[in-house]
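Contents: one structure, followed by commentary.
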Amino acid sequence: MSKVYVAIIGAGGVGKSFISQLNAYALRSKNHIISTILISRSSKAILSKDYSGLNLATWESDLASSSSSVKPPSFPEETLKFLTSAPGPVILVDNTFSGAIAAEYPRFLSSGVHLVTPNKKGFSSSLDLFKAIYSASKAQNGGYVFHEATVGAGLPVLSTLKDLIDTGDEIVKIEGVFSGTMSYLFNSFAPLSPSGAEKPFSACVAEARELGYTEPDPRDDLNGLDVARKLTILARLSGLQVSEPTSFPIQSLIPKPLESATSAEEFLAGLADFDGEMDKVKTAAESKGAVVRYVGSLDVGKGEVSVGLRNFDRGSAVAGLKGSDNIISFYTKRYGERAMIVQGAGAGAEVTAMGVLSDLIKVLERLK
């Protein structure tokens, strides 16, 4: 069996789940010996200086121990030198959300290091960086790059889009609910089958935060930028030259007077004052036999991308979503008016880690 080396940056929620899944996969792999040589957090790291591999069964205690952990190698210089000195192919797994790390992707790829990541920053920030990443990967001796989990966590969204395009189909439109947070909020606030006991929008936001569905500051979800980043990635992979995730209309659900709130608690305390506005939006949809949902839409033919509130017929797939599920509809020339639909959990550490591991397996398959 051939030996492959893995370096992991980011060992928080997604990173911890990924390491657990990687350990289980490595034990049952029949084609490769997988040797993890680096696990790094912002302030601590463990590394296998002789490339013999770390013990993934004890990595947490090893990282916590002062005797076995070290200061992380500097990024990118020391990290790149360590990885490119490995005696075989190396896969870098970036489980962070760091823009600074993403900016260095082209350098690692052009050095032959393969990359898998759920980090949206490299693929949704500047168009120049997006192009540089793929140019570095396609260059002679460039590393493979996969980022399925940047859109829809473990759902096969990007791979479905790639298959459609590679087989010669023509993408007409992509639309759907791309945020587990927004899905939960509007399934709670404007359910398909109202019980009469629905909570006001501000209470739904507070509940979603308590359950861990939102960022610590819900404004990071309600501003729509996370959805916009996902639409930017899909648009670029569909052939549209979207310059930035803020270059198209994004409907923020943050009331302007609360944009400058100094804390999440101050924001939530003031949000109830604006419940009336959201109630009007919900009532207007109901009067048309519809429900309101927060969606992203990409029209390839018109070259238009948008993110915001839209009404959906009560019999539609979007209206029938449950919990925090995502749903992405692909309208193509071959499929016509009956969209190809990908639906399921689009957030959570375990499913996101599964998407990352799936990408790592894709790299391994190409290294045979």
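Keep in mind that glycine also has a Cβ here, set from the backbone N, Cα and C atoms.
Keep in mind that this is a model prediction, so the values were computed, not measured.
Taken from TrEMBL, the feature NADP(+) binding site covers Gly10, Ala11, Gly12, Gly13, Val14, Gly15. Taking all protein chains in view, 24 other C-beta atoms sit within 10 angstroms of the C-beta of Val14 (NADP(+) binding site).
Here TrEMBL flags 10-142 as domain 'Aspartate/homoserine dehydrogenase NAD-binding'.
Annotation source TrEMBL lists NADPH binding site at Thr96, Lys120. Of all Cβ atoms in the shown protein chains, 22 besides its own fall within 10 Å of the Cβ of Thr96 (NADPH binding site).
Here TrEMBL flags 156-361 as domain 'Homoserine dehydrogenase catalytic'.
Remark: Glu215 (L-homoserine binding site) has Thr181, Asp221 as non-local neighbours, by Cβ distance under 8 Å and separation of at least 6 in sequence. According to TrEMBL, the feature L-homoserine binding site maps to Glu215.
Per TrEMBL, the feature active site, proton donor maps to Lys230. Within 10 Å of the Cβ of Lys230 (active site, proton donor) there are 28 other Cβ atoms, across all protein chains.
All protein chains considered, the CB of Gly13 (NADP(+) binding site) has 15 other CB atoms within 10 Å. Annotated pair Gly12 (NADP(+) binding site) and Thr96 (NADPH binding site), C-alpha to C-alpha distance, rounded: 8 Å. The Cβ of Gly12 has fewer other Cβ atoms within 10 Å than any other of the binding-site residues Gly10, Gly12, Gly15, Lys120. Within 10 Å of Lys230 (active site, proton donor), as judged by C-alpha distances, no binding-site residues are found among Ala11, Gly13, Val14. Counted within 10 Å of its Cβ, the other Cβ atoms near Ala11 (NADP(+) binding site) come to 23, all protein chains included. Across the fold, the C-alpha of Thr96 (NADPH binding site) and the C-alpha of Ala11 (NADP(+) binding site) stand 8 Å from each other.
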